[in-house]
Amino acid sequence: MTEQQISRTQAWLESLRPKTLPLAFAAIIVGTALAWWQGHFDPLVALLALITAGLLQILSNLANDYGDAVKGSDKPDRIGPLRGMQKGVITQQEMKRALIITVVLICLSGLALVAVACHTLADFVGFLILGGLSIIAAITYTVGNRPYGYIGLGDISVLVFFGWLSVMGSWYLQAHTLIPALILPATACGLLATAVLNINNLRDINSDRENGKNTLVVRLGEVNARRYHACLLMGSLVCLALFNLFSLHSLWGWLFLLAAPLLVKQARYVMREMDPVAMRPMLERTVKGALLTNLLFVLGIFLSQWAA
């Protein structure tokens with residue numbers, strides 16, 4: 001493989017951002033574990049949900065790079081990494097083609113998912129609509145005349161799609177019913193995913209402000225955005241604790257608290273370090289902290305049933 005080919009391959013990997021996929025998978029795994037807890041586990045539905053969620057995450061990553069590059073938001077002096085389009089290695093036409101291919105793959109996996117999982121016409125149509133909204137949300141975060149990521153609505157979108165829809169959707173497609181208690185672990189997943197976005201926006205606050213990208217961090221300001229970050233992390237722990245207290249009722253259900261010292265340490269670091277450059281290593285650490293919390297929660301669910 002030539003150096004130029006390696007450069008292009010690396011550029012595409014940077015745009016695809018495979019390291020973000022575990023966070024997309026985590027919410028589906030949580031929803032599936034909850035379905036298993038209630039005796040509704042369907043491995044084929046779970047697999048198709050994981051594939052669809054992963055493809056939606058890739059679509060969001062590609063669209064984010066495309067939108068920011070077209071708008072000129074990602075400049076050489078930004079703290080975060082420059083990706084394929086910003087480097088000039090990937091053209092607009094190539095990225096558009098990649099977006100179209102990814103949307104087609106999402107449609108195929110999504111159709112397979114609802115065909116296998118949905119037993120009524122209402123469910124089939126309802127999840128087709130939710131799937132369409134997910135595609136639109138993934139693209140319009142940075143793409144379009146008024147992308148919602150530029151007006152501070154990215155956080156609520158992450159909470160909805162990476163929390164509520166992913167967890168409760170994957171549960172419903174296997175259980176075909178909803179229970180009110182699901183809102184707690186679903187919110188916890190959403191808050192942890194939102195914390196990852198918040199770190200990204202804290203890192204890029206100066207370049208975003210200069211380029212008119214009014215993320216929630218820009219709107220809140222550096223101090224309040226750091227307080228908000230601590231609330232996201234601690235809020236996720238509170239939600240999981242309430243779920244165990246009122247629904248799971250198991251000592252194993254507290255296993256997620258093993259991640260609490262790590263989340264507290266991360267919150268304290270973010271509160272203390274005011275330099276945006278200091279947020280660069282925190283992005284990967286926040287992803288790992290969120291993933292660890294979710295996986296410990298899932299393990300607690302499994303152990304609570306085996307120990308019963």
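Each position is counted from 1, following the chain as shown.
Cβ atoms here come from the backbone N, Cα and C positions, even for glycine.
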Look up the topology recorded in Swiss-Prot and say whether Ser7 and Ala122 end up on a common side of the membrane. no
With contact taken as 3 or more Cβ pairs under 8 angstroms (pairs 6 or more apart in sequence), are the transmembrane segment (177-197) and the transmembrane segment (287-307) in contact? yes
Touch test for the transmembrane segment (43-63) and the transmembrane segment (124-144), at least 3 Cβ pairs under 8 Å: yes
Do the transmembrane segment (149-169) and the transmembrane segment (287-307) come close, with at least three CB pairs under 8 A (pairs 6 or more apart in sequence)? no
DSSP composition of the topological domain 'Periplasmic' (119-123), residue counts helix/strand/coil, works out to 3 helix, 0 strand, 2 coil
For the transmembrane segment (21-41) against the transmembrane segment (287-307), do we get 3 or more Cβ-Cβ pairs below 8 Å once near-sequence pairs (under 6 apart) are dropped? yes
For the topological domain 'Periplasmic' (119-123), the mean pLDDT of the predicted model: 96
